[in-house]
Amino acid sequence: MLTSFYKMHGLGNDFVILDERTGDLPLTPGRIAALAHRRRGIGCDQLVTLRAPTADGADVLVRFFNPDGSEAGACGNASRCVADLVWRCSGNATPVLQTRAGVLPTSRTPDGLITVDMGAPRTHWQDVPLAMAVDTLHLPLPGDPAAASMGNPHATFFVSDFGMVAQGDALEHDPIFPERANIGFARMDGPHHMRLKVHERGAGVTEACGSGACAAVVNAVRRGLAARTCTVELDGGTLHIVWSEQTGHVLMTGSATTAFEGTVDLAAYPS
Ligand SMILES: N[C@@H](CCC[C@H](N)C(=O)O)C(=O)O
């Protein structure tokens, strides 16, 4: 049986989006990993599913899966893509996304960019989570990273160059992160401008990570390195991040692009 999918990306962070609103699909961690494979599958940084929402006020329930088959609580770039897709399919320019990280309002800017209210960051060690009670502003690791959760775990290293990126995989698996972590490497080029590279949990280095950009700005503000309004330049493009003093929420604005639509025979992939 053929299943339709959308292939989208946010700044080169790419997604296969499957719609389960008319019926469950036979997705397993193994089949997700096979579909995400760059040579043997469609290939993507995350596979995203859409379902009917269960939360009041939400328009769609969204789940995010890494190419290793693990599920993530948040994905900023895919959230913008889903908001764009809902708008194109239904005309709703302000869809509300239900995710494991919370119910996230979205909106469109006049120039076609999409803003997602990514909610409030969590900075208590148990919420990241970390394996022990430590100050999340200064983890006891070489390089002195800070940690925060945007619904998924992030650590940010403040660096002057990107030589440390090669350590991303080892850092993702450091025992201080019981659920592993996304690892960001941020170079501050002034209080309103950050250059960021991210090694994503379960995916490796990607061209961009939306939740990673939010967490990096939050950590930079907490360190006194950034203003609450900060442009983040990633390998794949630019995100605008605002950590609102009024609401405590992080607003992320950037593009969402459809690469193509297709059909796939899920049964042809190992389950
Ligand atoms: N690409 C994402 C983050 C995807 C999930 C992450 N790898 C995790 O496991 O938490 C983004 O744009 O935020």
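All residue numbers here begin at 1 and follow the chain in the order shown.
Backbone N, Cα and C atoms are what each Cβ position is placed from, and that goes for glycine too.
The feature substrate binding site is assigned by TrEMBL to ASN13, GLN46, ASN66, GLY76, ASN77, ASN152, ASN182, GLU200, ARG201, GLY210, SER211. Among the features that TrEMBL reports, active site is placed at CYS75. Under the heading active site, proton donor, TrEMBL lists CYS75. The annotation active site, proton acceptor is assigned in TrEMBL to CYS209.
On the structure: features taken from TrEMBL.
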residue : record                       : DSSP class
ASN13   : substrate binding site       : strand
ASN66   : substrate binding site       : coil
CYS75   : active site                  : coil
ASN182  : substrate binding site       : strand
ARG201  : substrate binding site       : coil
CYS209  : active site, proton acceptor : coil
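Within 8 Å of the Cβ centroid of the substrate site, not counting the listed residues ASN13, GLN46, ASN66, GLY76, ASN77, ASN152, ASN182, GLU200, ARG201, GLY210, SER211, the chain contributes ASP45, PHE64, ALA72, ALA74, CYS75, ALA78, VAL198, ALA203, THR206, CYS209, GLY212. In this structure, the C-alpha atom of ASN77 (substrate binding site) lies 7 angstrom from that of CYS209 (active site, proton acceptor). In this structure, the C-alpha atom of ASN182 (substrate binding site) lies 11 angstrom from that of CYS75 (active site).
Annotation for ARG201 (substrate binding site): same-chain Cβ neighbours under 8 Å, separated by at least 6 residues, are ASN66, SER70, ALA72, ASN152, PRO153, GLU172, ARG180, ALA181, ASN182. The maximal spread of the substrate binding site, taken as the longest Cα to Cα distance among ASN13, GLN46, ASN66, GLY76, ASN77, ASN152, ASN182, GLU200, ARG201, GLY210, SER211, is 16 Å. Sequence-distant contacts (6 or more apart, same chain, Cβ under 8 Å) of the residue listed as 'active site, proton acceptor' comprise ASN13, GLY76, ASN77, ASN182, GLY184, LEU196, VAL198, GLU200, LEU234. The Cβ of CYS75 (active site) lies under 8 Å from the Cβ of PHE15, GLN46, VAL48, PHE64, ASN152, GLY210, SER211, each of which sits 6+ residues away along the same chain. Each of the binding-site residues ASN13, ASN66, ASN77, ASN182, SER211 was scored by other CB atoms within 10 A of its CB, and the lowest score goes to ASN66.
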